[in-house]
Amino acid sequence: MLYRRNPQLNKNGELIHLLSTEGLSKAILTQILDTAANFVSVSSREVKKVPLLRGKSVFNLFFENSTRTRTTFEIAATRLSADVINLDIARSSASKGESLLDTIANLSAMAADLFVVRHGESGAPYLIAQHVAPHVHVVNAGDGRHAHPTQGLLDMYTIRHYKKDFSNLTVAIVGDVLHSRVARSDIHALTTLGCAEVRVVGPKTLVPADMAQMGVRVCNTLEEGIRGADVIIMLRLQNERMTGALLPSSQEFSKSFGLTTDKLQLARPDAIVMHPGPINRGVEIDSAVVDGVQSVILPQVTFGIAVRMAVMSIVAGNEA
């Protein structure tokens, strides 16, 4: 998706919406990660709040189901002292045929300050960002196959937390890359942050043809893909988005690309294992790996709150 200018930034180059990790500079990505680092300690305080968004209204608009993302956004906004409104899409006027922009216009009339949007159509958050008032901000919580920038950012935070520096890292992204908005967000962020090597690993039917053009190495066997890797990011099979016979079966996929403790030994001894969730144990990853010492899957969730606090506080502090 190409744009004449980056709609995420104002004329001063400041972040006013978070729509994608693509097109964001290393300086902006680092600003978000550094700000998140300052928020991590909030979760361990007796009073888990800071007043940065006091008096602001944050509307969570999830047109697709979500547990972790919606909950962590709600927690993040609450810890910033915002008023949080969760729209019940199934019972809203949108379910009765109201257009997306009419829904946004009506909610804007209720003095919304920030929209967190998850939508099945790629580009929906961009459309909203182009039609809101200058003081209103949009954060993409996942749009179609296109992008999931806050997941990408929390993945970057997790990697930086455990590995410190990106410049010598080999990161392998394994699984259903074709349907994964997380993979795209991770790739854009990793390359911008100077990761030494990014590998995309999966069967040919689940790896987009344009991956090599994104500056990554494509591997069609798990063994090649994770050998010597510092970071392994596992992705589930998104059966709900698949059309046609892309795989013989999930069992065959698991046999070839499922991460087991034995296969994990091909990676570096201090490699970390990540997963954006939801996890399908026994398919893309064995329980022994999920619950093992190299797994940082639960810390990812914890860091996600701080990262989303950082994103909302930064965009809300800048004017279009």
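Including glycine, each Cβ sits where the backbone N, Cα and C put it.
In Swiss-Prot, the carbamoyl phosphate site is described by Arg68, Thr69, His148, Gln151, Gly277, Pro278, and among Arg45, Arg54, Arg118 the residue recorded at this site is Arg118. Arg118 (carbamoyl phosphate binding site) falls within a strand when secondary structure is assigned with DSSP. Pairwise Cα distances among Arg68, Thr69, Arg118, His148, Gln151, Gly277, Pro278, which the record gives as the binders of carbamoyl phosphate, peak at 16 Å. Here the C-alpha separation of Arg68 (carbamoyl phosphate binding site) and Arg236 (L-aspartate binding site) works out to 15 Å. Within the set of binding-site residues (Arg68, Arg118, His148, Arg181, Arg236), the lowest number of other Cβ atoms found within 10 Å of a Cβ is recorded at Arg68.
A Cα-Cα distance of 5 Å separates His148 (carbamoyl phosphate binding site) from Arg181 (L-aspartate binding site).
Of all the binding-site residues given, namely Thr69, Arg118, Gln151, none has its Cα within 10 Å of the Cα of Arg236 (L-aspartate binding site). The 10 Å shell around the Cβ of Thr69 (carbamoyl phosphate binding site) contains 24 further Cβ atoms across the protein chains shown.
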